[in-house]
Amino acid sequence: MANKPYQEAKEAALTSSPESGSLDSNPFGVTEPIYDEQLGPRPNVFHRVWDSFKQDPNQKARAAGAGGNVFDVERAAQNTADSPLARKLKGRHLQMIAIGGSIGTGLFVASGKSLSNGGPASVLIAYSLIGMMLFCTVQALGELAVIFPVAGSFSAYSTRFLDPGWGFAMGWNYAMQWLIVLPLEVVAAAITVQYWNVSVSPAAWVAIFLTIIISINFFGVRAYGEAEFVFSIVKVIAVIGFIVLGIVLNIGGGPSGEYVGGKYWHYPGAFNNGFKGLCSVFVTAAFAFAGTEFVGLAAAETANPRKSLPTAVKQVFWRIALFYVVSLTLVGLLVPYNDGRLIGSSSSDAKASPFVIAIENAGIKGLDSIMNVVIMISVISVGNSSVYGSSRTLAALAEQSQAPKIFAYIDREGRPVMAILLASAMGFIAFLAASEAEQKVFLWLQALSGLSSIFTWGSICLSHIRFRRAWKQQGHTLDELAFRSQAGVIGSWIGFLFNILVLIAQFWVGIAPVPDSDGTRITGAVPLVQNFFQLYLAVPVVLLFYVPYKLLYKTPFMRAKDMDLKTGRRELNLRELLLEEDLEKATWPKWKEAYKLVC
């Protein structure tokens with residue numbers, strides 16, 4: 001056992017506020033589980049590693065969230081608030097997760113399909129509007145995550161502020177999305193390598209990439225944060241470099257010296273397939289932003305969410321403005337939408353990347369290979385995030401008794417080991433890349449995860465709207481919130497309604513598909529039905545999760561006056577902390593005030 005002075009200091013640390021002053025002034029773990037002192041000789045490396053996988057002794061067996069066919073909302077909220085996940089993510093990790101979280105194949109590769117289907121003007125309009133919607137959504141998420149940094153935040157907020165049945169559906173919807181993304185991204189990485197060498201079997205590359213991704217996640221959340229920090233820096237540098245290069249090429253600074261300007265907006269034109277083409281781009285653009293919400297999921301593993309999260313969510317503005325809108329505007333100026341290499345482009349074929357095509361068209365040797373390296377790193381980054389996202393969501397569902405209890409197992413290093421094992425096992429589906437069934441299997445896997453982000457974002461916005469109503473009805477004021485959404489409740493309504501519009505647009509494109517660039521249309525009952533379910537399969541799947549669970553456990557629609565606004569709140573001495581920050585802000589020059597408003 002620990003000695004008396006240590007035990008007294010430990011108890012004092014545990015009873016203090018997680019936000020009360022500097023972490024350095026409290027070395028006994030307001031952000032980490034605490035164990036007794038190690039007496040005697042230090043064990044060898046093997047035993048230390050083995051012991052780290054033992055269950056966290058601070059994780060106690062708790063009553064189920066659903067028992068006797070009635071869902072216990074209070075217990076579910078308490079379990080997610082008390083999760084012993086390690087809080088090791090720092091501000092710089094969150095900021096790079098925010099900046100680079102959704103920069104992947106959706107931007108680098110799938111944007112080619114958007115350009116082919118809708119033309120450059122449709123790409124610019126759709127990505128800008130979806131970006132505005134995501135700005136509102138992430139601001140709402142930031143407000144909720146700062147005051148309630150709980151495990152599995154997306155489903156937990158739906159359970160707490162909407163309906164436990166809908167929280168169950170959203171949790172499994174989000175977990176399934178990322179469980180399926182891992183094999184898809186690993187296959188995409190293996191296909192990207194074939195840009196240089198087609199003689200090596202894709203299965204060999206699948207094994208290498210899977211080993212890298214699984215190893216990173218088994219090293220814990222700090223390893224995930226550091227890996228994403230490095231990956232995101234590479235992606236950010238690549239996008240900024242492409243923007244500079246794109247401007248130079250457009251004004252005639254390439255090897256040929258040809259001035260490009262806006263000629264591709266005149267011929268073949270700014271739009272393709274009219275309004276339906278624009279609607280199809282809305283859907284693709286929404287998929288491209290998947291991962292933006294990861295900062296909210298990471299809140300439960302952040303040392304100081306009150307300080308780190310606001311900065312991270314504000315970074316979304318720069319990602320939207322710089323990385324998506326500016327880079328894709330340049331792509332639309334440099335690549336015509338009728339370029340044959342864009343036809344049939346998929347999220348796993350880097351050869352169809354409009355970024356690579358733009359560089360090839362300019363005749364610059366070697367840069368296309370560098371861009372493909374960036375695409376491969378982006379794919380590995382998304383695969384890494386998929387294990388993190390699915391494992392944390394599964395652990396939170398298990399904490400609320402909405403998934404098998406084994407997934408709630410969290411070890412001494414704060415890792416949800418069993419959930420990571422399941423997520424890693426799903427990656428082995430990627431070995432189908434070497435089989436003839438690859439295309440059909442992955443097409444339907446992609447269909448399962450297709451609309452998942454739309455449901456997640458819509459639920460976040462609606463949860464924020466309901467939270468604000470409960471906050472006001474229970475006698476609280478906005479001054480009590482450590483971080484307020486810059487878009488407010490109006491922004492959340494915009495985000496929610498925009499997600500509904502995307503679902504409607506996807507339904508229309510599903511029943512009346514956009515023709516290919518050569519004019520070919522999908523005809524016949526069977527191909528049309530297959531096309532519809534490949535685009536809309538997620539909707540019946542969500543309903544199959546929601547309706548039976550609601551009927552079985554009789555989950556209530558949460559009323560504002562009954563919502564629990566206390567469990568899991570981290571701001572115990574908010575007034576003093578905000579006063580201290582206001583005094584600090586008073587010393588800032590005007591330029592810093594303006595910068596901090598958006599960053």
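Cβ coordinates come from backbone N, Cα and C, glycine included.
Feature annotation from TrEMBL assigns compositional bias 'Polar residues' to 14-25.
According to TrEMBL, the feature domain 'Amino acid permease/ SLC12A' maps to 93-557.
Among the features that TrEMBL reports, region 'Disordered' is placed at 1-30.
Taken from TrEMBL, the feature transmembrane segment applies to 94-112 (among others).
Sequence annotations record features per position, and here TrEMBL assigns transmembrane segment to 124-157 (among others).
Look at TrEMBL and you will find 178-196 (among others) tagged as transmembrane segment. Remote same-chain residues near the transmembrane segment (178-196) are listed as 104-105, 109, 202-203, 205-206, 209-210, 213, 347-351, 369, 372, 375-376, 379-380, 382-383, 385-387, 389-390, 393, 422-423, 426-430, 432-433, 438, 442, 445-446, 448-449 (criterion: CB distance under 8 Å, separation of at least six residues from the stretch ends).
Residues annotated as transmembrane segment in TrEMBL: 202-221 (among others).
Note on the transmembrane segment (233-254): residues 96, 99-100, 103-104, 107, 260-261, 322-323, 326-327, 330-331, 333-334, 355, 358-359, 362-364, 367, 371, 374, 377-378, 381 of its chain, located 6 or more positions outside it, place their CB under 8 angstroms from a CB of the stretch. Feature annotation from TrEMBL assigns transmembrane segment to 233-254 (among others).
The transmembrane segment annotation in TrEMBL covers 274-295 (among others).
As annotated by TrEMBL, transmembrane segment applies to 316-337 (among others).
Sequence annotations record features per position, and here TrEMBL assigns transmembrane segment to 370-395 (among others). Residues 83, 85, 100-101, 103-105, 108-109, 151-152, 154-155, 171, 174-175, 177-179, 181-182, 185-186, 188-189, 192-193, 195-196, 209, 212-214, 216-217, 221, 224, 227-228, 231-232, 234-235, 238, 242, 291, 294, 297, 300-301, 350, 353, 355-356, 359, 403, 407-408, 410, 416, 419-420, 422-424, 426-427 of the same chain lie 6 or more positions beyond the ends of the transmembrane segment (370-395) yet place their CB under 8 Å from a CB of it.
Here TrEMBL flags 416-435 (among others) as transmembrane segment.
The transmembrane segment feature in TrEMBL is assigned to 441-467 (among others).
According to TrEMBL, the transmembrane segment annotation covers 488-512 (among others). Beyond the transmembrane segment (488-512), the same-chain residues lying 6 or more positions past its ends with a Cβ under 8 Å from any Cβ of the stretch are 129-130, 132-137, 139-140, 276, 279-280, 282-283, 286, 451, 454-455, 457-458, 460-462, 464-465, 468, 528, 531-532, 535-536, 539.
What TrEMBL records for 532-553 (among others) is transmembrane segment.
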Handout entry: Range from 124-157, 316-337, 416-435, 441-467, 532-553 with the greatest count of C-beta pairs under 8 A to the transmembrane segment (274-295)
Key = 124-157
Problem - Within-chain partners of the transmembrane segment (441-467) [C-beta distance under 8 Å, separation at least 6 from its ends] - result: 133-134, 136-137, 140-141, 143-144, 154, 157-158, 160-162, 166, 170, 173-174, 176-178, 180-181, 183-184, 187, 286-287, 289-290, 293, 296, 347-348, 429, 432, 485, 489, 492-493, 495-496, 499-500, 502-503, 506, 533-539, 541-542, 558, 560, 563, 565
Fill in the blank from the handout: Model confidence for the domain 'Amino acid permease/ SLC12A' (93-557), as mean pLDDT, reads 84
